[in-house]
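Engineer: Copied straight from Swiss-Prot:
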type: BINDING; residues: Arg115, Arg149, Glu274, Glu275, Arg290, Arg369; note: substrate binding site
type: BINDING; residues: Asp291, Gly295, Asp322; note: Ca(2+) binding site
type: CARBOHYD; residues: Asn28; note: N-linked glycosylation site
type: CARBOHYD; residues: Asn32; note: N-linked glycosylation site
type: CARBOHYD; residues: Asn46; note: N-linked glycosylation site
type: CARBOHYD; residues: Asn55; note: N-linked glycosylation site
type: CARBOHYD; residues: Asn66; note: N-linked glycosylation site
type: CARBOHYD; residues: Asn85; note: N-linked glycosylation site
type: CARBOHYD; residues: Asn143; note: N-linked glycosylation site
type: CARBOHYD; residues: Asn198; note: N-linked glycosylation site
type: CARBOHYD; residues: Asn232; note: N-linked glycosylation site
type: CARBOHYD; residues: Asn399; note: N-linked glycosylation site
type: REGION; residues: 11-33; note: region 'Involved in apical transport and lipid raft association'
type: REGION; residues: 88-469; note: region 'Head of neuraminidase'
type: TRANSMEM; residues: 7-27; note: transmembrane segment
Amino acid sequence: MNPNQKLFASSGIAIVLGIINLLIGISNMSLNISLYSKGESHKNNNLTCTNINQNDTTMVNTYINNATIIDKSTKIENPGYLLLNKSLCNVEGWVVIAKDNAIRFGESEQIIVTREPYVSCDPLSCKMYALHQGTTIRNKHSNSTTHDRTAFRGLISTPLGSPPTVSNSEFICVGWSSTSCHDGVNRMTICVQGDNENATATVYYNKRLTTTIKTWAKNILRTQESECVCHNSTCVVVMTDGPANNQAFTKVIYFHKGMIIKEESLKGSAKHIEECSCYGHNQRVTCVCRDNWQGANRPIIEIDMNKLEHTSRYICTGVLTDTSRPKDKTIGECFNPITGSPGAPGIKGFGFLNEDNTWLGRTISPRLRSGFEMLKIPNAGTDPESKIKERQEIVSNDNWSGYSGSFIDYWNDNSECYNPCFYVELIRGRPEEAKYVEWTSNSLIALCGSPISVGSGSFPDGAQIKYFS
């Protein structure tokens, strides 16, 4: 075949292919037009439109059927604000729900040095919160961690029952004093940082900085070292500024979404307030605090969360629960501190004032931070002559204890009442064990109430401190 024949043959093939493509295109166009026309004729028969409003999390499904429009709205409820509508459960004994054994693990693991731990819950779980020292136990920076206030401290949270490590701890905020609570929707946290005479409290809501509070007495602004409490979107916090051994200046501060909505200076007969352990019930908040100036009996603050008002006084019983403390008294005081030697300085503690089911916690030793016991004292909050009815040992007196405080899982739907819970800090190292180590840290145990009587047992820290030498 000569070149001209090849050219004509190729052109013929190209023309045939082009015609075939054209016919295919025409048939496709006809099919699309037909389908579109059928779709248009039935378009209004059954159309579903879904609108999601992210703010209110409301889904609206609109069904169009011929000429009738039917709206069906389904509200997807966010967890609502916590309402303190229940009373405290009756308790017949206490059971351990968590023990992290942090110091025992710390002999070989990289456990973070902490103090001032506490427990706080949200709708999903309960966690431990603690103020770290910016180091681990086996790190040389752990030397001299007896100091309460340094620039290296900050609040962390860890799963309850797990010792705090770098990998399992979540950073919350910088500071050397703290409180934190959940309002049912988001968590509010306060940390105090800076110089003793010029400190600042930072307030966070949903992990975002919302406001700050500057010292008002220029003498170690400080707060609870345990959880605050919220009701109907308002969270209440007790803060103190001023001397630890003289008249100080305490405020009860109310927050909404991390913003201050009201402040009250301390009212009532309490002479000195520090490190309150608070719990909610019956639309009220009760705080059991520390009088570091005079009283071996604990002051209490009672807060009406509807009126946003408070008053203060002392636990009435003559059974004293601060450390150091003199011997128990036959008759207590409701409106004045009970003094005596040994007295100051005091320790953070707690109690659950529930009429004839009242329980108070204290160290077993009246002088040292050792041992821990729970005492059932009916009507201790109101009766100066109330006496110990039951006693449960938590930590034997030959083991170190420390701070203690209250917490409640307000979102436990298995109960029609709030089950009281508490934790005990188990301090190890300096100052009591200074001949072995240069650091101060702690482990933690947490306990909750049982509706029936329980057995016995002691739950100390359990670490052999000489292994760290």
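Using the three backbone atoms N, Cα and C, a Cβ is placed for every residue, glycine included.
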Engineer: Tell me which residues of the chain lie with their Cβ under 8 angstroms from that of Glu274 (substrate binding site), as long as they are six or more apart in sequence?
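Structural biologist: Result: Arg222, Thr240, Ala244, Ala248, Cys289, Arg290, Asp291, Asn292, Gly346, Lys348.
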Engineer: Should any of the recorded positions Asn85, Asn198, Gly295 have a Cα within 10 Å of the Cα of Arg369 (substrate binding site), which are they?
Structural biologist: none
Engineer: Within 10 Å of each Cβ, count the other Cβ atoms and name the one among the binding-site residues Arg115, Arg149, Arg369 with the highest count.
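Structural biologist: Checking each of Arg115, Arg149, Arg369, the winner is Arg115.
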Engineer: Could you check which of the recorded positions Asn85, Arg115, Asn143, Glu275 is the closest Cα neighbour of Gly295 (Ca(2+) binding site)?
Structural biologist: Glu275
Engineer: Just to verify a number: CA distance, Asn143 (N-linked glycosylation site) to Arg149 (substrate binding site), in angstrom, no decimals.
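Structural biologist: Asn143 (N-linked glycosylation site) and Arg149 (substrate binding site) have their Cα atoms 14 Å apart.
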Engineer: With a 10 Å radius around each C-beta, find which of these glycosylation sites (Asn85, Asn232) has the fewest other C-beta atoms nearby.
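Structural biologist: Output over glycosylation sites Asn85, Asn232: least Cβ neighbours within 10 Å is Asn85.
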Engineer: Going by C-alpha positions, which of the binding-site residues (Arg115, Arg149, Glu275, Asp322) is nearest Asn85 (N-linked glycosylation site)?
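Structural biologist: Result: the closest of the binding-site residues to Asn85 (N-linked glycosylation site) is Glu275.
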Engineer: Roughly how many angstrom lie between the C-alpha atoms of Asp322 (Ca(2+) binding site) and Asn399 (N-linked glycosylation site)?
Structural biologist: 18
Engineer: Quick check: of the glycosylation sites listed here (Asn198, Asn232, Asn399), which one has the Cα closest to that of Arg149 (substrate binding site)?
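Structural biologist: So, of the listed glycosylation sites, the one sitting closest to Arg149 (substrate binding site) is Asn198.
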Engineer: Let me spell it out: for each of the glycosylation sites (Asn143, Asn198, Asn399), count the other Cβ atoms within 10 Å of that residue's Cβ, using every protein chain shown. Which one has the most?
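Structural biologist: The most densely surrounded of these glycosylation sites is Asn399.
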Engineer: In sequence order, what residues of the same chain, 6+ apart, have a Cβ less than 8 Å from the Cβ of Glu275 (substrate binding site)?
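Structural biologist: Residues satisfying the criterion: Arg222, Gln224, Glu225, Ser226, Cys289, Arg290, Lys348, Tyr403.
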Engineer: Just name the most isolated of the binding-site residues Asp291, Asp322, going by other Cβ atoms within 10 Å of its Cβ.
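Structural biologist: Counting other Cβ atoms within 10 Å of each of the binding-site residues Asp291, Asp322 gives the minimum at Asp291.
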Engineer: May I ask which of the recorded positions Arg115, Asn232, Asn399 is closest to Asn198 (N-linked glycosylation site) if we compare their C-alpha atoms?
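Structural biologist: Comparing Cα positions, the candidate nearest Asn198 (N-linked glycosylation site) turns out to be Arg115.
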Engineer: The region 'Involved in apical transport and lipid raft association' (11-33): mean pLDDT?
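Structural biologist: Mean per-residue confidence for the region 'Involved in apical transport and lipid raft association' (11-33): 54 out of 100.
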Engineer: Given the recorded Ca(2+) site (Asp291, Gly295, Asp322), which additional residues of the same chain have their Cβ within 8 Å of the Cβ centre, ordered by sequence?
Structural biologist: His272, Arg290, Asn292, Trp293, Gln294, Ala296, Asn297, Arg298, Pro299, Tyr314, Pro337, Ile338, Gly343, Gly346
